[in-house]
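Below is one structure, written out as structure tokens, with a few remarks after it.
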Amino acid sequence: MYTVVYASGGNYFSRAQPFDLYQLSIAASPCDTDINECTTNNPCVRGTCDNTIGSYTCTCPLGYGGANCQTQCPTGFTGTSCDTDINECTTNNPCVRGTCDNTIGSYTCTCPLGYGGANCQTQCPTGFTGTSCDTDINECTTNNPCVRGTCDNTIGSYTCTCPLGYGGANCQTQCPTGFTGTSCDTDINECTTNNPCKNGGTCDNTIGSYTCTCSTCYSGATCATLNFAGFFQPIDNEPVANVIKLGQAVPVKFSLGCNNGLSIFAPGFPKVAPAYCTTGQPEDAVPLSTATAGASSLSYDPTSGQYSYVWKTPSDARYAGTCQYLVLQFADGTQRRALFKFR
């Protein structure tokens, strides 16, 4: 026996062979139960399966496509048709250091100085950079390490040339006076580098210093000071006050050790300055100006080796009883003075 099912007007009839009995059955609508393909026979080769009414969808992992994720896409692409670019920088930044830039189908890593490799994963040897760590870093232009002096780039490193008096690999150290070099142990020959001895003096180098042997005209550590030997008669040196008459022409004599010509005074000198006649008393503030005959008032006597400056004093009676200094300032900056009292 077998059963044959017939449909009529929405009702189903079953008849068992040999067709001598019919049965009527009222049934639900036909084929209305969705098949869950994901649980019956997962069609997705990779990824996840999502059941839909009458069908399914496969969500593929990055790099795979096709309706069932059966296709491995070309590197850097994904999607059902494998035509969607993967942004590696946002999905899973592959750059260990530096910055990531997405490109169509790939990416690039821009590494910081001193690192290399496709993903900046490699620390290069000191002084090198680049993907293959074979590019020399120019330390002088990227970040000049020399505190002073000049920087010279070398393959894989650099050197600093320090100014005199400084040392250390980066010229960061001020050496003791008279020394220089990386370790500050090289003596500076002041006589050859920048002869400090003025006015014809002879320079002798010493360890860490120098000495100057001066001519008879000059003295001092660098022979820069005129050899003023004091005032000569009729002028007495301080603290003696030279008593003179108002209006008198006073010959002020002095020696500098040799003939230095007649341009020995600084501009604006000689001049006078107030003084006090008695110790502890206020200075005499009566204004006074030098009255001279200009440059002609200065002369040099080669026989005596003395200069003579003729000071023409004022004749105004207001100055009677006052004291004044006659101040000589020379071209070397030194000052000498003599004290005078007017009567």
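Cβ coordinates come from backbone N, Cα and C, glycine included.
Automatic, uncurated: that is what TrEMBL annotation is.
Among the features that TrEMBL reports, domain 'EGF-like' is placed at 34-70, 85-121, 136-172, 187-224. Taken from TrEMBL, the feature disulfide bond applies to C60-C69, C111-C120, C162-C171, C214-C223.
Taking C111, C120, C162, C214 as the disulfide-bonded residues under consideration, the smallest Cα distance to C60 (disulfide bond) is found for C120.
With a cut-off of 8 Å between Cβ atoms, the residues of this chain six or more beyond the domain 'EGF-like' (136-172) that come close are 113-114, 125-129, 179-184, 188, 193.
Long-range Cβ contacts of C162 (disulfide bond) within its own chain (separation 6+, distance under 8 Å): C146, R148, G149, G168, C171, T180, G181, T182.
Cβ packing within 10 Å was compared across the disulfide-bonded residues C111, C120, and the lowest neighbour count falls to C120.
The 10 Å shell around the Cβ of C214 (disulfide bond) contains 21 further Cβ atoms across the protein chains shown. Here the domain 'EGF-like' (85-121) returns a mean pLDDT of 96 for the predicted model.
According to DSSP, C60 (disulfide bond) sits in a coil region rather than a helix or strand.
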